[in-house]
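Reviewing the structure listed below.
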Amino acid sequence: IASSHMYSARVWIPDAEEVWKSAELTKDYKSGDVSLQLMLEDGKNIEHKLDPKTRNLPYLRNPDILVGENDLTALSYLHEPAVLHNLKVRFIDSKLIYTYCGIVLVAINPYETLPIYGTDIINAYSGQNMGDMDPHIFAVAEEAYKQMARDERNQSIIVSGESGAGKTVSAKYAMRYFATVSGSASEANVEEKVLASNPIMEAIGNAKTTRNDNSSRFGKYIEIGFDNRYRIIGANMRTYLLEKSRVVFQADEERNYHIFYQLCASAHLPEFKALKLSNANDFLYTRQGRSPVIDGVDDTKELCTTRNAFSLLGINESYQMGLFQVLAAILHLGNVEIKDRDADSSVIPPNNRHLMAFCELVGVTYQDMSQWLCHRKLKTATETYIKPLPRLQATNARDALSKHIYAKLFNWIVEHVNKALVTNVKQHSFIGVLDIYGFLASFEQFCINYANEKLQQQFNMHVFKLEQEEYMKEQIPWTLIDFYDNQPCINLIEAKMGVLDLLDEECRMPKGSDDSWAQKLYNTHLKTCSLFEKPRMSNRAFIIQHFADKVEYQCEGFLEKNKDTVNEEQINVMKASKFDLLVELFQDEEKATSPTGHVQGTGGRTRLSIKPDKSRDTSSKEHKKTVGCQFRNSLQMLMDTLNATTPHYVRCIKPNDFKLAFSFDPKRAVQQLRACGVLETIRISAAGFPSRWTYQEFFSRYRVLMKQKDVLADKKLTCKNVLEKLVQDQDKYQFGKTKIFFRAGQVAYLEKLRADKLRAACIRIQKTIRCWLARKKYLRKRSAAITIQRFTRGYQARCLAKFLRRTQAATIIQKYQRMYVERKRYKQKQAAALAMQTILRAYMARQKYQALLREHKAVIIQKHVRGWLARCWYKRCLEAIVYLQCCIRRMRAKRELKKLKIEARSVEHFKKLNKGMENKIMQLQRKIDEQSKENRLVNERLVSLESSYTVESERMRGELSRLRGVEEDAKNKANQVSSLLEELERLKKELSATQQEKKTIEDWAQSYRDEMEKMVAELKDQNGLLKKEKDDLNRLIQEQSQQMTEKMTRAIAEETQQLETDLNEERSRYQNLLSEHLRLEEKYDDLKEEMALSSNVSKPGHRRTDSTHSSNESEYTYNSEYAELEDGTRGREDVTRGIDTSLTLKLQKRVTELEQDKQLLRNELENREEQLQRASAMVPSPIFTARGAELEYESLKRQELESENKKLKHNLEEMRKSLLGNAATGAGAPGSPAYKVLLEQLSASCEELEVRKEEVLILRSQLVSQKEAMHHKVETETMTEPSVYKDDVSKLKDDEVKQAYVGLKDTNRLLEHQLQTQRRTYDNEVESLRSELQNVKEENNRQQQLLAQNLQLPPEARIEASLQHEITRLTNENLDLMEQLEKQDRTIRKLKKQLKVYSKRIGEMGGQTSPGQMVDEPIHPVNIPRREKDFQGMLEYKKEDEMKLVKNLILELKPRGVAVNLIPGLPAYILFMCLRHADYVNDDQKVRTLLTSTINSIKKILKKRGDDFETVSFWLANTCRFLHCLKQYSGDEQFMKHNTSRQNEHCLSNFDLAEYRQVISDLAIQIYQQLIKCMENILQPMIVSGMLEHETIQGVSGVKPTGLRKRTSSIADEGTYTLDSILRQLSAFHSTMCQHGTDPELIKQVVKQQFYIIGAVTLNNLLLRKDMCSWSKGMQIRYNVSQLEEWLRDKGLMTCGAKETLEPLIQAAQLLQVKKKTDEDAEAICSMCHALTTAQIVKVLNLYTPVNEFEERVSVAFIRTIQTRLRDRCESPQLLMDTKMIYPVTFPFNPSCLALETIQIPSSLNLGFLTRV
């Protein structure tokens, strides 16, 4: 950068470690200064000296706002340090591995698995413009796919980079993208096969190197073919330059090809026992690198993946085992030990087990193989010699054979992979993916560098061409840009006498060597070509100056690798093998004695799947070309292919050499940037006008630099005028047709002007706000001061008033206080005087009282003393008298004692007397015993005697006991005195002891009482403590109980929520299965049509099945049709011969699975088809007369009534039998008169019914006679079509005859109505009898229970209870039967009266209309009152009209007219009314065919017009209404709660359609999913533009520089959709569904799904677009969301859950706006963003991009803090929301209040063939 002055600026200076360092000028630079004073970012000051020759200033840094851009060309300053810094910031800080550099995608290997390659990411990039989303390999793939479809031109994706940079992974993801977004043109799963080729090629062509664990050791170009609908039809692979030397040698820390280690790891499997393999360390070819295991890779599982891929590509198990057999033989061959025999010969020891294993595996003889491994054959003109080989040459020959076998095997696998990837569909276009570069060996590296020179030349020309096209398109003056041309380097390699030419010449020389070839190179090019150099210290190396850098090549091994020779005799041994696969590998060896092991198979061989192999028809001389020559030819073919396509470039960068995740080594990165052409692209762009803005973008960004007067209506002119004022130098910019082109650095200058203007505006705003704040603060202070003064002065005034009040109060208080004191003193003195007087008077009174009291006491004492003296004298006299009495009484007692002693001595006398008495008693006892015996025999007659004897016996016993007592008294009285005295003494002693014990007990009781009282007190205290503890425990228990209750409540709520979630998941899974089933059915239909079409093409005479055949079949008839197709497969082998075998097998598998699910219905459907065919064959001619049709109608009616009467009669007979049977089981029931009466009444009713039937038949015959007479009288022709009665009446001439005829018809209608009424009446009676029968059964059960209870009672109670229950039962039954009998009597009497009246009228009418009277007498009109038709809400149709009904009502119905003019759900009501009639007539076939036709027709119309929202919405509403009608009128109580009585009468009576309800519910789910898809297709293009890109709030967000990321080839019309467009579309959806009568709950679910789609798509695009993650965009999003919420509020849908679906988007917008610096901010973000996953939060923070300089980037430390805080979250690692997710739908029951009988069918529906019933 040359400048005369450079002021404070930031620059880049070279650095040995970091390549470039950032520094800032500390001193202004002036022209002529030789150095710059700089300060580094770490604060260190340095002096940077300028180059004295060039005086070039250091590179300027871009503004911080431009750092981290998606496109490097958006940088204002385009140079190497800017590119390197931008890549580093994106890679390290933002974790973004992809960056655009113009047309190049730069991909940096993260060495870590990133979640950015899932199907959701693919869907997000599908259909998007390349510049609209963040850089990605999917964006490049989408651009190639889109340009292929738009420009009708083949495309190529060129992936390049060093080994370990990620080329193979990038190519693999590109192919995965094509396979996912395009699908395949057939069911052969070509896209799966294309992806399956990757594990195969990785197994046989990839290996571990020091730089990469999965490094491709060959180059490949894969062409993915597409048909004219741009679906994958196949692929073709060309391979280049396999590194064969790796088969026999690996460097340290490297491995052989993966397939060898996979086989060794799986050697334990039974199928691999014959290979005789073991551990990889046991084989020479797999142990040289000393690194047999890759961390994190399971070779056994990888082999399973490889085998599955082989199977998917059609390589069967036998071929696979053959391949593994050859690979194992190579390993065994490497272990064959060759020993020296002498200096010039070698030998293999006999019975070498590895050689034996090799020979056994490849089917050759041990002797031949051991012979030619150590010998070779030399041919001369006349003789042939066999020459022994030294050990070293023999070993080399062995290794050459191993390499050659592996190369042949590699070619064979590639050939068969190509065959498997080809199809018979014509290829319309293709996209090629080239993966080349990154080899390490010398010769291979030279070839690859040669290829890279060619590719770089093509790249430079393409970039130059695009620049030229852009300039010409914008009409900008084109100036030639100088860029590096590497044609001299290419000529050095490929021209005549070039490096390759000299190498081939040396290979043809008999004694050619690497040294001689090197000398020829030196002699030819050293002095003539500046790009060729010779190293100073070597004579066996050379240096070539490539476009990237100088490369030194060692000549050793070039000739050998170029020749690629193998011993011819060894090849002959291989050809003679008994192993077929090996023979197949070497079948072309007869044409080449020096076969090449290159992978591509000489050019056209890789196109085996598309073109024949022309190479096999050429001469053997062509096959003797060297490897270099063949590679040159293949490269030229590749370049021709690439030049015929539109190229897309992916440059892979390896960030470090240690495979560290997200570690960036600037030195390594800048080397690769220089080598891969990225900097060359930057240089070409910087040479012209690198920065390009549209006029709208420039106007939006730099509107702040314009004045109001500068803004014109024409924005282009406005931009020109403003730019001329801002930039004086006209050469710094150019105006194109649609864009403004700027030189490098001009955008930075404009950004500086914009930042200065915004800074000045900010300062002015700050000044104004600060002034306003200061003035506001001053006014607040002034107001506060005034307020303080006011309050202070008020306070002082209040204090003065208070002081005055207190002074006055003190004076008053003093006055009253003084008065109180004086008054108190007076009161005290008065009280003292009165007290003294009182005391004195009281003392005197007491003295007087005491004197009187003493006198009174003295009198009393005298009285008592005198009384005591008198009593003492009396007592002495009394005692003397008593003593005298005692003496006398003692004397008398002694005398009595003497008498008693005398009597005691005479006891013996009493004993004698008693002896006779005892004998008498014994006799009496015997007599009593005898009488007792007699009493037992005659108990009843001797009861009274027994009682008298008992009394006498008791008396005698009492006398006996008295006598015995007297005897005992006599015995005891003798000792009574002594015993009494002893007893007295004993009692005295006991008394004293008792008194002593009593005293002791009293003392003990007192102490015990004291102890008890003390213990009670202690217990009371303990009781108090226990009560307190109990209260605490109760409180604790209550708290715990409350906590447990709350916990249980939460647990129940969580469990309920979990159950609801599980239910929703199960419902969603079921509905997804339904959608998958529907998709498979549709695919099957399409395939069936294609197969039928192909059969028509191949067999002109083949006839297709009638197209109308499927219209009457159910949704399950597809399987039966396919079964027929399978049955006829043998006869149509030529039809299916051209169809892919795997396609047929897969179809058969799917159809078989469907047949298993529907096998139960197949026979039924076939029978139904036969019945339909027979019915259609039996349909009579539609030509009928009017009277004939009427008679037929009447006869049918009569037959229906007769059949109904028979049914009623049969039902009554069954009721009679049931009643008799039930009566027989009841107690006392058979003799009950109630049953007999009831049966008599039933019999009478039957007889009455028979009488009525006969009368109706008589009436019918009379009507027929009248019509026949009228037919003879009227001479008109019989009508050919059915007509109404008015046509007949119009042809009668006599008015009276007309009136009579009309009267007869009215009578007929009246009788029909009466018969229907009677039928309903009898139906009700039968129902009542059934209910009575049920009651009888319940009564019997109750009786049985009572009987069981009675059996447990005692016999007497049992008899009484049984009698009581029986009486109660019989009484109740009699009462019930009496009531029923009376009711039946009244009903029968009423019916008899009505029947007599009607019979009389019919008889009178019959007499008037006899046949004779019809001819001779006029007919008088019958006066019958006309009655209005009572419709039953049914529609009658004929079976042959069913197709017409379905056609007019479903297939050809226009939803718009029905929705606007008629009631909502009218088709559903009509179909249900037709279904009701079919149920009413008990026609199950009619019900089944109607439902089946309806379901199939709805599916057909949805398949035909499934993308029309109005049609889908209309049939969703009608299907739901039809489902609700089936529920409402099903007869289930749960659905009849809201019905009217009239609606309950309309319930279905004969069929239970619960299974069909499930089928229709599934159909409604499918329609709902179709509706969601239709809405999604309409909304999808609007969402991103309306929610993200459109500026709803003008001027808030500014557009940043975009560079070349929005290419004209990718940009569509933008700005067409706004938020208003989305709102209008939502309103249109809502109004359409409301017009169609969609259930409100269903509308809520639809709106919720709509808002989920809007939120998910918006958030996904936000997460994939760095330019949208800014503060201003967050404000725009929040405003847009508020508008959506306002729309919900206006429509009354705030409670439908739609707002909650936008929560992730709302939180993402809030995350863009909140502060993101401190730990508190991190905590707030973690608590706020609960609806976002951790990956989404981190992604938004990484993508956050300041739009203005005042915004700050999010630091890496802050993002780490967020990740640490969110580490414990249990959530899915998925980044994007699933936009294909559909919430499970439910159809809440919504009964209709509309009466079916009131529905009128408009004539516009063309349903005149329906008849209301």
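FYI, residue positions are counted from 1 along the chain as it appears here.
Just so it is clear, glycine is given a Cβ too, placed from its N, Cα and C backbone atoms.
The domain 'Myosin N-terminal SH3-like' annotation in TrEMBL covers 6-58. The average pLDDT the prediction assigns to the domain 'Myosin N-terminal SH3-like' (6-58) is 84.
The annotation domain 'Myosin motor' is assigned in TrEMBL to 67-755.
For G161, E162, S163, G164, A165, G166, K167, T168, the entry in TrEMBL reads ATP binding site.
The region 'Disordered' annotation in TrEMBL covers 592-624 (among others).
Taken from TrEMBL, the feature compositional bias 'Basic and acidic residues' applies to 610-621.
Positions annotated as region 'Actin-binding' by TrEMBL: 635-657. Long-range contacts of the region 'Actin-binding' (635-657) within its own chain (CB-CB distance under 8 A, at least 6 residues past either end) are made by residues 87, 91, 101, 103-111, 137, 140, 143-144, 147, 151, 153-167, 170, 174, 211, 221, 238, 240, 432, 434, 450-451, 454-455, 458-459, 462, 603-604, 663-665, 668-669, 672-673, 676-678.
Residues or ranges marked as region 'Disordered' by TrEMBL: 1093-1134 (among others).
The coiled coil annotation in TrEMBL covers 1144-1259 (among others).
Residues annotated as coiled coil in TrEMBL: 1312-1401 (among others).
Of all the binding-site residues listed (S163, T168), S163 has the fewest other CB atoms within 10 A of its CB.
Residue environment of G164 (ATP binding site) contains 22 other Cβ atoms, counted within 10 Å of its Cβ in all protein chains. Sorting each residue of the domain 'Myosin N-terminal SH3-like' (6-58) by its DSSP state yields 0 helix, 27 strand, 26 coil.
Listed in sequence order, the residues of the same chain lying 6 or more apart from G166 (ATP binding site) and placing their CB within less than 8 Å of its CB are A107, N109, C652, K654. Secondary structure counts, DSSP: the region 'Actin-binding' (635-657) has 9 helix, 8 strand, 6 coil.
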